[in-house]
Amino acid sequence: MATEGIFPFSVHSVVEDVLRQHGTRKRGIDLASRKADEAALRRYEAAGWLQKTVGAVGGKDLPAEPSEEEFRLGLRSGIILCNALNKVQPGAVSKVVESPCDLVLIPDGAALSAFQYFENVRNFLVAVQEMGLPTFEASDLNQGGKSARIVDCILALKSYSDWKEAGGNGQWKYGGNSTTYGKSFLRKNSEPFTNSFSKNLSINDRSLDGLSTDQNGDPANDHTEMNTTRSLNMLVRSVFSDKKPEEVPMLVESMLSKVVEEFECRLASQNELMKTTLKDVANSDDSRSLLKTSSGEMKKMKLEDESIINMMKDEFSDEKSEDDKESESSIVKQQVLLDQKERDIEKMKVEDESIVNLKKDKFSNEKYQDDEKPKGRLVKQQVLLDQQQRDIKELRQTLETTRVGMQVMQVKYSEEFTNLGKYIHNLAHAASRYHKVLEENRKLYNQLQDLKGSIRVYCRVRPFLPGQNNSMSVVDNIEEGNITIITPSKYGKEGRRSFNFNKVFGPFASQEEVFSDTQPLIRSVLDGYNVCIFAYGQTGSGKTYTMTGPKELTEEGRGVNYRALNDLFLLSEQRKDSFSYAISVQMMEIYNEQVRDLLSTDGVNKKLEIRKSSQNGLSVPDANIVPVASTTDVIELMNLGHRNRAVSATALNDRSSRSHSCLTVHVQGTELTSGTTIRGCMHLVDLAGSERVDKAEVIGDRLKEAQHINKSLSALGDVIASLAQKNSHVPYRNSKLTQLLQDSLGGQAKTLMFVHISPEPDAIGETISTLKFAERVATVELGAARVNKDGADVNELKQQVAGLKAALARKSGEPGRHQRSMSSSPGRQRTKAGGSSPVGDTSGGHNNRRQPMEDVGNIELE
Ligand SMILES: Nc1ncnc2c1ncn2[C@@H]1O[C@H](COP(=O)(O)OP(=O)(O)OP(=O)(O)O)[C@@H](O)[C@H]1O
């Protein structure tokens, strides 16, 4: 412990102060001259001894009688001193630095020398001090230093050397020349210049410094004390160094008395300061409480520590005994037990906590009761609590019931969902089947119509043309075979009128769509049926569009004519393994009640006659009939026909609207295995516009054209009406048109009429009359169509008939009169049909479609 903390002074400082004061006073004594002489003598003695000891070489830097400055300079390197000391006490300085080479890490010469001197001098001083000889300060070797102390040190060393040389026995008299000083310091033992001296001195000093010394004997403090003692020792020596021996006792007495006096004074003031400080501390409440708390805490901690130590001791002893007695399994058991104990403790803790909480609740209840004083309140609360618990129980039961109910419902719902899914699936399936059934129904209906021989009627609505105001259409609704037209009041009470047909195509129906419904009818030509498709409607309603296509013909826009022939080619190709088909076409027009050949290549537009085709199937035998094998052939022929029609149009202006055009396709098929031939004929007729003459308000040629058109169409209407009413007489001969179509309308043909209407409101009159006419046509029953088939038996009969006819002719003497020449059948080469076929009698009487002769159809007579 540092003494300065409690005592602001030390014995050392007291002695030091006294000595300094003493030094100041002694400066007043005038001993200067004597001192200088004595000092010089002593210096010479020291220098001489050094030279003698270290030798001439070693002491070359030191004159025999040096001045103070020379003396210091000579010894400054410390080399002479160290060497002299090593002579006296070998090994006292272990290493003497003789030259700068011994120090390699210092480049600067001055610094090197200084360091070198310092090392030597320091080592010398340490050694001398350890020997108990008087020392000096290293700074004494510098300029202005005290050479006297250096001289004292050397002479002491000399004295010791002398004593040692004398055998080292008995008393050693310090002070060099005994005659000079006459006072000796005696050592008690034989080795007076060992560490024991400094040790004794230190002990003495320590006893002197009793109050300030660390009682704990701290080595660090010992070291401090040793330094302090040494410096004090040196101070004392320096004070006494230049004193005569007889002066020393007096000085010591004086100095000690001063030291004691000073010490007592400082001790008294220090005690006073301590008292005051302690008093202040004792008066402070905070300090008192702090002290109390601290002491209490300390005690507590102490007790805790003690208990921990005891526990550890116990544990250790227990474990030790267990280790000795029990095996590892017992340790495991102990661990289990310990765990169990811990759990028990934890349980107890929880129980305690709950008990505490209960107590708290009880306390609060009691407090509440004490506060409120209604004793029955607690009972009420208990009742309420019981009720709530019952409610909770009920709720739980209800919840459980609901949960079970929900589960049952979920099962039910999932079942119902499954059933619903199945039901919807069935419904969807039924819906799809419904559409299929509808389609089948329609087909069946059409088949029924075919069996009845009814004329099929398809209605097609033309879309608004580019530039037309399409905001208002007369067509209200279209649904399968039904079309509803918005009519002005004069046409119907309701303002709407519906018409039923076999099929109705809306304005956006495509050419392909239209044809697909026509295809089965067309295909029946290859099976030997006669087919007639004619387009009816007012001008501009789309007849040509349906039958041929738009003016700018594209593949998609191709009409029924092209598609029909194409389909026949396709089908004949498919049947080529069993049938051989020959397809040829005629193209005619009926203009102003004249039949013209549109495939004429000679430019002669001669009038053609229409004959009843009961024998060779050709209604207009004089018209060019051209075999075709591909669509390209058909297109070429159609173009030719259009060109011929256009030539006429140049003169008559817009001829197409004022003539009926007819493309007749002849098909003859031979069954490869049986040789049976079948023959079919198809008329594809694009009628002239059906508008009325009065509306057209035309005159001249136009009037004539219109009149002829009206006549032919009226004739068509009459025939239709007659057929519809199943009259015995059908007026086919009233027009070229009805004559041409006689086989189709009154024979065993399958007939289809495309009735076209325009959507414009200003055409409503024509639209209504067109639809009425079409409705009438739809009611016509032609009877079941028949196949034009030439079987082997039929051929036989034909031959019999021919033979009978020939025999009849011979009998009557007019041979060949009734013989029918066989007209050339359609061939691969363009031919002119023979003109020998008479036009059948269509004036009446023979119009019964079921005439036996007609039943044989187009049987060729040999
Ligand atoms: N379904 C349709 N889709 C698109 N355009 C059509 C349709 N029907 C007719 N047209 C167009 O209407 C116009 C008249 O048609 P189209 O010439 O076929 O009538 P039309 O009844 O033959 O007349 P006309 O009696 O004078 O010969 C043409 O420009 C034609 O392209």
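The backbone N, Cα and C atoms fix where each Cβ goes, and this holds for glycine too.
Features reported for this protein in TrEMBL:
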type	residues	note
BINDING	GLY537, GLN538, THR539, GLY540, SER541, GLY542, LYS543, THR544	ATP binding site
COILED	378-405	coiled coil
DOMAIN	40-162	domain 'Calponin-homology (CH)'
DOMAIN	454-780	domain 'Kinesin motor'
REGION	806-862	region 'Disordered'
*According to DSSP, folded down to helix, strand and coil, what is LYS543 (ATP binding site)?*
helix
*Three-class DSSP secondary structure - GLY537 (ATP binding site)*: strand
*According to DSSP, how is the domain 'Calponin-homology (CH)' (40-162) divided among helix, strand and coil residues?*
83 helix, 0 strand, 40 coil
*Across all protein chains in the structure, which of the binding-site residues GLN538, THR539, THR544 has the highest Cβ count within 10 Å?*
GLN538
*Enter the number of other CB atoms within 10 angstroms of the CB of LYS543 (ATP binding site).*
29
_Within a 10 Å radius of its Cβ, which of these binding-site residues (GLY537, GLY540, GLY542) has the fewest neighbouring Cβ atoms?_
GLY540
*asked:* Beyond the listed site residues GLY537, GLN538, THR539, GLY540, SER541, GLY542, LYS543, THR544, identify every same-chain residue whose Cβ lies within 8 Å of the center of their Cβ atoms for the ATP site.
replied: ARG462, ALA535, TYR545, GLY689, HIS756, SER758
_Counting across all protein chains present, how many other Cβ atoms fall within 10 Å of the Cβ of SER541 (ATP binding site)?_
27
